[in-house]
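> Got a structure for you, questions after.
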Amino acid sequence: MECTHCGLPVPAALVEPEADEQFCCNGCRTVYRVIQGYGLDRFYDLKDVSDARQAARTTDRQYREYDDPKFSELYVRPAGSGLRSVELYLEGVHCAACVWLVEKTPVLLEGVHEVRLDLGKSMARVTWDPARVNLSAVARSLDSLGYPAHPFRGVRVRDMRRKEDRALLIRIGVAGFCAGNIMLISFALYGGMFHGISDEFRNLFHWASLTISLPAVLWCAGLFYRSAWGAVRARTTHMDIPISLGILTGFLWGVFSTVTGRGEVYYDSVTLLIFLLLAGRWVQRNQQRRAADASELLYSLAPTSARLVVDGQVHESPLEAVLPGATVEVRAGDSVPVDGVVLEGNSSLNVALLSGESRPVEVQRSDRVFAGTENLASRLLVEVTGTGEDTRVGRLMKLVEEAGRRKAPVIRLADRISGWFVSTVLLLAAGTALVWWWIDPGLAVEHAVALLVVTCPCALGLATPLAVSAAIGKAARLGILIKGGDVLERLARPGRIVLDKTGTLTEGKSRLVQWIGDETVRADLAALERHSAHPVARAFVEGVEPSEEQPNAILEDARGGGIRGTVDGRHVVAGSPGYMRSRNASFPAWAEAALQEVTTAGLTPVLVSRGEEVLALAGIGDPVRQDSRSTLRRIGEAGWQVEVLSGDYPAVVHAVAADLGIDPARAHGGRQPEEKLDYIISAVAADEHAVVMVGDGINDAAALSAASVGVGVHGGAEAALSAADVFLTREGLSPVAELLDGARRTFKVIRLNLIFSLLYNLIGAVLAIAGRIDPLAAAILMPVSSLTVITLSYRANTFRRSRNR
Amino acid sequence: MNVVYILLPVALLIAVGYLILFIISVRKGQYDDTTTPAVRMLFDDDEKKKQDDSEQE
């Protein structure tokens with residue numbers, strides 16, 4: 001049976017034998033009703049059945065904060081004639097039919113002027129009339145269609161980038177225009193080389209080419225001159241230095257020949273070179289941009305609102321409008337939006353992302369809570385002490401920024417080559433001039449110039465960007481998003497890899513890991529725990545296969561570290577050792593031994609009794625990910641030194657390290673975020689090899705940004721993912737091994753590209769020294785060498801999915 | 001051959017015209033999103049056809 005809305009299979013328990021329509025979940029049912037209600041059922045015709053299927057998700061959010069003046073100030077912009085517009089990031093957008101449905105919002109709501117969806121980025125631009133409809137209503141109807149909305153935070157940065165992108169595109173267009181038109185004229189000149197041409201027309205064509213090449217050489221290539229000049233002033237080498245040298249020599253010699261009316265011109269080669277290099281840069285930038293965009297969108301998912309309590313009434317308010325001293329409500333399942341002190345309620349918090357501690361932390365009245373933690377069990381009222389930058393997370397994010405700024409840039413292989421490349425070429429040119437001065441003084445300068453032009457490293461300049469952008473594209477298809485091209489070069493040689501524990505090596509969730517003793521109480525306990533929202537209770541419920549008949553469980557009490565109740569008349573008690581002792585449960589000898597065993601394994605023990613006697617012992621812990629062991633083995637075999645750095649208790653960290661076969665001397669526990677940062681900084685300083693940090697939490701973020709390469713794993717905190725150079729959108733640890741392998745292969749491709757382009761340059765240089773280079777030969781050599789590099793880059797099999805899962 | 005004196009400027013003039021059109025289209029943001037428009041134009045055409053069909057009936 002397939003879901004009428006999304007096409008996923010319907011679970012047996014939800015199949016309604018009578019109905020025509022079947023749904024896999026409530027989200028799909030709600031969305032289906034809304035779509036039918038507005039007569040938008042054409043959505044289902046458009047939906048490509050072969051498309052990725054995805055169940056709809058709706059929330060019960062009211063989006064009241066969207067109507068707040070503070071929200072408008074932050075995100076909303078005027079759109080002319082009294083209209084407003086806002087950019088929203090929509091969850092759940094996945095196919096062409098989504099575009100159709102989202103853009104039909106004006107049909108649902110009067111006053112919505114237009115909604116435009118960018119499918120690639122899941123960003124919708126909503127234009128509406130504030131006099132006729134509230135933005136919260138727009139957000140609610142998007143939500144009811146299965147697309148929960150989030151305001152997009154990086155509008156200003158994105159606008160700036162968009163401007164840069166457009167400027168570069170115009171540069172490429174102009175350079176292409178110049179190159180194309182000069183090439184047409186050059187055909188006439190090449191014809192003249194073979195069949196003769198009158199001086200009159202030759203001069204006309206030369207002057208025409210000179211005029212057309214002016215915008216390309218003076219404006220489009222300005223990018224190269226600027227970065228070459230910057231490198232010269234900083235006394236470093238850069239690929240743009242030989243490029244600028246080649247362009248300028250070729251152009252100036254052409255001008256000289258044109259004005260004097262004798263000698264060769266190279267306008268065609270020079271402008272084509274500019275066009276190809278700019279296009280190469282564009283390709284690389286677009287690939288890297290994709291990963292950066294994706295990580296910024298993730299950041300938009302972080303909470304932007306808080307539930308403010310004023311006179312007993314709850315209002316949703318933008319986070320920016322919440323001030324210290326106010327009271328906010330945090331419901332179970334929500335993340336805590338502020339730093340504060342608990343005023344009312346008992347609950348347990350998942351602090352794994354903030355501190356790396358895998359065990360949930362119990363909080364009660366007057367305990368401190370921090371932004372970025374997740375409320376697991378029940379509702380809390382919190383008095384705000386700090387928001388935004390004034391929170392623990394905010395201070396950690398400052399560390400992240402500083403660590404990122406201090407990072408030394410990597411000197412790329414191509415740039416290192418360019419140093420001796422320039423000197424070699426200049427020496428060769430001088431040598432050529434000298435030799436020809438002796439043979440025929442009239443040709444000396446001409447052949448030297450020909451050498452400079454033909455060795456202008458077009459393919460060399462394209463070698464790295466193309467190899468890197470092709471590899472980044474392939475990696476993205478494997479769920480590995482790489483933000484910078486130099487990341488791949490840094491990872492080419494093995495060094496040290498430092499992994500966080502909670503959420504990276506392990507799943508980051510409480511689960512039932514060990515069960516010692518009577519199996520029969522397990523189902524009873526699960527039935528009882530079903531009535532409790534405590535995270536440990538959830539671990540029990542998930543750890544037991546749901547049976548056909550649900551026993552009749554009555555929960556009596558679930559406070560103070562334990563739970564008790566009756567299941568089908570049987571009395572069941574479970575809890576921590578302290579709780580059980582206080583209830584006078586009797587401990588058999590095996591239970592004491594098992595307790596010892598479970599505790600040393602780093603697990604949280606839960607004792608279970610029926611009546612007075614303890615019958616079973618459960619170990620609750622954070623299990624190691626399935627693919628951790630095989631991935632670590634592969635990484636180790638590739639020559640990397642594996643280390644663990646965690647904020648969790650040292651005993652737990654050592655237990656996990658021992659389980660995974662990591663040297664205990666290299667497993668460090670109990671590290672605060674600042675200590676993690678210091679550890680990475682000193683590792684980077686001490687070692688010339690790459691230091692890779694892999695993590696998921698806010699506590700790792702600063703270390704991630706200080707490492708040579710930071711890798712954020714799937715499901716991590718948004719802050720950590722935006723600080724990382726690489727982040728994974730695929731579950732598990734095996735993408736890390738794929739990344740290291742892929743980087744090694746990409747580096748090979750880069751090297752191969754460099755070798756081939758140097759080979760072409762060598763051929764060119766030999767021909768030039770022999771005096772055999774004319775503009776036609778130069779114009780043929782250049783594109784052929786570039787084509788070789790393009791083919792090598794895109795044919796290379798750099799990133800592959802690992803087989804052992 | 002003297003016709004080149006007219007042909008060359010005319011050809012260039014036409015080319016410059018297209019270059020200007022390109023620059024305008026970039027400035028208007030036609031290249032900002034290259035995925036969605038390809039999908040969106042399919043819907044619009046479909047719907048118009050549907051309306052036309054019903055008008056004919």
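Each Cβ is built from the backbone N, Cα and C atoms, and glycine gets one as well.
These numbers come from a predicted model, not from an experiment.
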> Could you check which of A:587-607, A:776-796 is flagged in TrEMBL as transmembrane segment?
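Among A:587-607, A:776-796, the range TrEMBL annotates as transmembrane segment is A:776-796.
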> Tally of helix, strand and coil residues over the domain 'HMA' (A:84-150) according to DSSP?
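In the domain 'HMA' (A:84-150), the DSSP-based counts are 21 helix, 22 strand, 24 coil.
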> Let me spell it out: take the transmembrane segment (A:752-770), skip the flanking residues so only those 6+ beyond its ends count, and list any with a Cβ under 8 Å from a Cβ in it.
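Hits for the transmembrane segment (A:752-770): 413-414, 417, 425, 428, 431-432, 435, 447, 450-451, 454-455, 457-460, 462-464, 466-467, 777-778, 781, 784-785, 788-789, 792-793.
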> Averaged over the domain 'HMA' (A:84-150), what pLDDT does the prediction give?
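Taking every residue of the domain 'HMA' (A:84-150) together, the mean pLDDT is 86.
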> Checking distant contacts: for the transmembrane segment (A:237-259), what same-chain residues at least six beyond its ends satisfy Cβ-Cβ under 8 A?
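That would be 203, 206-207, 209-210, 213, 217, 221, 224-225, 227-228, 230-231, 265-267, 269-270, 273-274, 277, 412, 414-416, 418-419, 421-422, 425, 446, 449, 452-453, 455-458, 460-461, 464.
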> Could you pull out which residues elsewhere in the chain have a CB under 8 Å from any CB of the transmembrane segment (A:168-192), counting only those six or more residues past its ends?
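Sequence-distant neighbours of the transmembrane segment (A:168-192): 201-202, 205-206, 208-209, 212-213, 215-216, 219-221, 223, 265, 267-268, 271-272, 274-275, 278-279, 281-282, 285, 775-776, 779.
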> Excluding the flanking five residues on each side, which residues at least 6 beyond the ends of the transmembrane segment (A:204-225) place their CB within less than 8 Å of a CB in that stretch?
171-172, 174-175, 178-179, 181-182, 185-186, 188-189, 240, 243-244, 247-248, 251, 254-255, 257-258, 265, 267-268, 270-271, 274-275, 277-278, 281
> Should anything in the same chain at least six residues away from the transmembrane segment (A:451-473) have a Cβ under 8 Å from its Cβ atoms, list it; otherwise answer none.
239-240, 242-243, 245-247, 249-250, 253, 266, 269-270, 273, 276-277, 280-281, 283-284, 286-288, 290-291, 412-414, 417-418, 421, 425, 428-429, 432, 482, 485, 488, 742-743, 745-746, 749-750, 753-754, 756-758, 760-761, 764-765, 767-769, 773, 777-778, 781-782, 785-786, 788-790, 792-794, 796, 798-799
